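Trainee: Quick one: this structure, given as structure tokens, is what I'll be asking you about.
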Amino acid sequence: MNHILLIILIFAALALIFGLLLGFAAIHFKVESDPIVDQLDALLPQTQCGQCGYPGCRPYAEAIANGDSINKCVPGGAQTIQNIADLMGVEPPSDDNELLMAPPKRVAFIHENLCIGCTKCIQACPVDAIIGAPKLMHTILRSECTGCDLCVDPCPTNCIEMIELPATPDRWKWDVETIPVRMVQ
């Protein structure tokens, strides 16, 4: 019985020593991150889609902080560009000099008759916009899909294609300056 108690005490002492060492290391060897990068990262949509040319939102936030253009986030859209411009204290790029023109909104579409239910697209989707179960057909939730195109390549049957969404009043780019509107007093 004494041996068991001794072993428990030794393990408790080791756990206490290692806990103190880890606590000391966490305090004294802490890596400080740039607060502007943290703020930029919080503004980005966190889809980790890679459409900006970076492997995720955090590396793109670091690139913006180092002077890269602020208009490469396609899923974030114009509102994200405006928020980043406000944070950085710069003017958002206008449509004429925009470095990366946002392509028309596209979403993934699964041809369900070709889907074998392998779940590779579900694993590749960064925003969980694909529902389905193994060995059953899968479906895309259009409202959740960001159009990142990451689900297309893993599909072994090529049953996923990117389709352009039709123009609707919700997504139409209204040019208010050319619409003849008269203010009624």
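Quick reminder: no glycine exception, Cβ is built from N, Cα and C everywhere.
Among the features that Swiss-Prot reports, [4Fe-4S] cluster 1 binding site is placed at Cys49, Cys52, Cys57, Cys73. Per Swiss-Prot, the feature [4Fe-4S] cluster 2 binding site maps to Cys115, Cys118, Cys121, Cys155. Positions annotated as [4Fe-4S] cluster 3 binding site by Swiss-Prot, on the basis of sequence analysis: Cys125, Cys145, Cys148, Cys151. According to Swiss-Prot, the domain '4Fe-4S' annotation covers 32-90. The domain '4Fe-4S ferredoxin-type 1' annotation in Swiss-Prot covers 106-135. Taken from Swiss-Prot, the feature domain '4Fe-4S ferredoxin-type 2' covers 136-165. Feature annotation from Swiss-Prot assigns region 'Hydrophobic' to 1-26.
Walk me through where these features lie, including what they touch and how far apart they are.
Mentor: Under a cutoff of 8 A between CB atoms, and with a sequence separation of 6+ in the same chain, the neighbours of Cys52 ([4Fe-4S] cluster 1 binding site) are Tyr60, Lys72, Cys73, Val74.
Its Cβ taken as reference, Cys155 ([4Fe-4S] cluster 2 binding site) is surrounded by 20 other Cβ atoms within 10 Å in the chains shown. In the three-state DSSP scheme, Cys155 ([4Fe-4S] cluster 2 binding site) falls into the coil class.
According to its DSSP assignment, Cys148 ([4Fe-4S] cluster 3 binding site) is coil. Cβ neighbour count for Cys148 ([4Fe-4S] cluster 3 binding site): 23 (other Cβ atoms within 10 Å of its Cβ, all protein chains included).
In the predicted model, the domain '4Fe-4S ferredoxin-type 1' (106-135) has a mean pLDDT of 91.
Counting residues of the region 'Hydrophobic' (1-26) by DSSP class, helix then strand then coil, yields 25 helix, 0 strand, 1 coil.
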Trainee: Using DSSP, break the domain '4Fe-4S' (32-90) down into helix, strand and coil residues and give each count.
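Mentor: Residue counts for the domain '4Fe-4S' (32-90) by secondary structure: 30 helix, 0 strand, 29 coil.
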Trainee: Measuring CA to CA, name the entry from the binding-site residues Cys49, Cys57, Cys115, Cys118, Cys155 that ends up nearest Cys125 ([4Fe-4S] cluster 3 binding site).
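Mentor: In terms of Cα distance, Cys125 ([4Fe-4S] cluster 3 binding site) lies closest to Cys49.
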Trainee: Once the chains shown are all counted, how many other Cβ atoms turn up within 10 Å of the Cβ of Cys115 ([4Fe-4S] cluster 2 binding site)?
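Mentor: Excluding its own Cβ, Cys115 ([4Fe-4S] cluster 2 binding site) sees 18 Cβ atoms within 10 Å.
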Trainee: Provide, as an integer number of angstrom, the distance between the C-alpha atoms of Cys151 ([4Fe-4S] cluster 3 binding site) and Cys57 ([4Fe-4S] cluster 1 binding site).
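Mentor: One finds 18 Å between the Cα atoms of these residues.
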